[in-house]
């Protein structure tokens, strides 16, 4: 089931639980604006090449729209739509004053040189500069983009609108980026796991973890879990997977990956197949890579008691049903991976005030937001007698619906 269908299905279920008016429900589902632009650039060899760029601005009832820009060959309007909508509910779940957006360019970033990527980013920014802005729509990095991409967008945007550091988040610290932003999504995942496990009467230090995906989010989650005394027994990425039932030495594994570019051949672990990771023996499974990795084929074999969704939409609705029948509890993506957008919000606030925070303050505020959001989410679960995913969706959808009604949407 593709991401858009699954997201719409979760939204409709939440709307039913909340008893939303059908006209309001339809209005909340339709994006505010969809942008599709053609970006033609000269390659380094002088030939011209065209790419298609998208930006979907889903909802701005609670504030400026917010969401990443991804460079990936599979970027299409459906996917961008689903992710923009998810951002609307995600920002509402953690109660930051944003709506949702998402963008992307259909390209293969590793096949482009740095100067080609820069030209592509600048052309894309020229095409959308009058549709984004500090109080309108604030992009951020996503798959295939990074702080450097944001620096180019900031520079190109500022040529038209004057120096505007708050127009993008996830920037380099030297250009007004926030300390702690790099680790924010992974740290937020760990804070979410901590709040959830505390409610189960458990602590990170007493449990074993398997982490799928060892990029930015997965490696930070692993590092922090390891520091807190939790045992990371298996990790995987596109290069392969490694396991050690007594717990992997994460700092050494990180150094090994930095040096060799891959996980396998690490002396303190055994190699395993990447597919095995999701069904590996552990207490907590954390998928940090792509969507749809837990599906009806493998859900039956999952041995973890808890799943914390660090990736967007890692669990298919079919797998959701199988896992809940097995009694597996799932901390949903729209709450679990909201640490990144929360610290993006802190960065935006710092830029607007022209006053930067130290890292300790960023992390303390992030923990406060993630913990408070979990308690609000649990209250929704109790009120509506639903699982954590529906608790998160009803919490988010209800906040957006209230804001929409208060602003007078029928006028």
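Heads up, residue numbers simply count up from 1 along the chain you see.
Positions of Cβ are set from backbone N, Cα and C atoms, glycine also.
Not measured: the values here are computed from a predicted model.
Here's what TrEMBL has on this protein:
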| type | residues | note |
| --- | --- | --- |
| BINDING | 66, 90, 344 | substrate binding site |
| ACT_SITE | 102 | active site, proton donor |
| SITE | 142 | site 'Important for catalysis' |
| BINDING | 185, 216 | NAD(+) binding site |
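The substrate site, placed at the center of the C-beta atoms of 66, 90, 344, has further neighbours from the same chain whose C-beta lies within 8 angstroms: 67, 87, 91, 96, 98, 100, 140, 338, 340, 341, 342, 345. You'll find the Cα of residue 90 (substrate binding site) roughly 20 Å from the Cα of residue 216 (NAD(+) binding site). Here the binding-site residues are 185, 216, 344, and the one ringed by the most other CB atoms within 10 angstroms is 344. Cα of residue 344 (substrate binding site) to Cα of residue 102 (active site, proton donor): a span of 14 Å.
In space, 102 is the closest of the recorded positions 102, 142, 185, 216 to residue 66 (substrate binding site), judged by Cα positions. Closest by Cα distance to residue 102 (active site, proton donor), from the recorded positions 142, 185, 216, is 142. Here the Cβ of residue 142 (site 'Important for catalysis') has 22 other Cβ atoms within 10 Å, regardless of which shown protein chain they belong to.
Of all residue pairs in the substrate-binding list (66, 90, 344), the one with the greatest Cα separation is 13 Å apart. Distance from the CA of residue 142 (site 'Important for catalysis') to the CA of residue 216 (NAD(+) binding site) is 11 Å.
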